[in-house]
């Protein structure tokens, strides 16, 4: 009986281990999902929902965050509730202006495609979103916020630029800078971790981008390796501004529960008001991952990972310099009022000894040679994109002209909900 019981336990352990590995692989593939999708997936797992820790942290049995959980159903938006950002230029753009060549990314509401403008012969990354999917999850506010932030980003070298936007009856189109050096996530997967000088360079460019957003009273809220791109020379480009919060002044706070699980700051998990320092926590988490290969409090068990973020002391292995250790301890301070950046925001980060070798004027002017060159041969070089995306066929509907779309009641509702989305740069802009 003892031998049989032991054998049964061994079999169970092996099976469970295989399951955990499969879950981890799937989880890593789905890190690109927003927190909404991630939590909905957890909530649909009966086994996970039984854990008191999961119920406590996510409050699954008593949803109180309609913006996160979509717990309170509401009727379709009436005309008075429709989003209207005011007058904007009409670019007269349409899908048939482009050759859509390859899928280079995917998200909750659509795809990102490499496209060539037929008249200009210029390559762009075109983010195409399904209006009905956005409306179904009540995410119009975040999409419009992303558009607003993109309009402010055009003057900063480490933030992706919006060239113009337009819409059809059923889709939204963001025409963005095409960046083909790969996601930081992709390079971390291949190399596991970076040497400290390389991590310092990336952290400095990321901090510069975050500092610029903060100067515009914008909190980014979703810094992670998947949202950090490398351009063709190896410089950082921050992208995906859907979770940005606008109008947060120096001492201002917000309380929406959002972000990506591995990078959530303690105050966000506690559902307390939080401020700009949430971005400095995320910078610390990304820097830690660049140096060590995993986020600082990572666990395969989500509830355990959240408990680690809230309660576990930061553990730093000895293979980094004292200045890197000091910076990580300052950024990953659980008390946001004591966190590095709490007093003087970006200026505190900029003046830290870890960055003493960085000439910030040269950095912002891209006069510092990046430590890694993606060595892309041109716009059609897709070696740094996941084949999972690039091998997917381009949907024919993406390039379809508006006249060919059947305008149903739901399509009309979707079209009206995004009045003011279209944008064209002024004639005297850099474009």
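Placed from the backbone N, Cα and C atoms, the Cβ positions cover glycine too.
Predicted, not measured: the structure shown is a model, and the values here were computed from it.
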Site-mate of 104, 105, 106, 107, 108, 109, 110, 111, 112 for ATP in Swiss-Prot, selected among 94, 127, 131:
127
Could you tell me the C-alpha distance between residue 108 (ATP binding site) and residue 222 (active site, proton acceptor) in angstrom, no decimals?
15
So what sits near residue 104 (ATP binding site) in its own chain, CB-to-CB under 8 Å and at least six residues off in sequence?
112, 113, 114, 125, 180, 382, 385, 389, 390
Pick from 108, 369: which of these recorded positions has the biggest number of other Cβ atoms within 10 Å of its Cβ?
108
Out of the recorded positions 222, 256, 369, give me the one sitting nearest to residue 106 (ATP binding site) by CA distance.
222
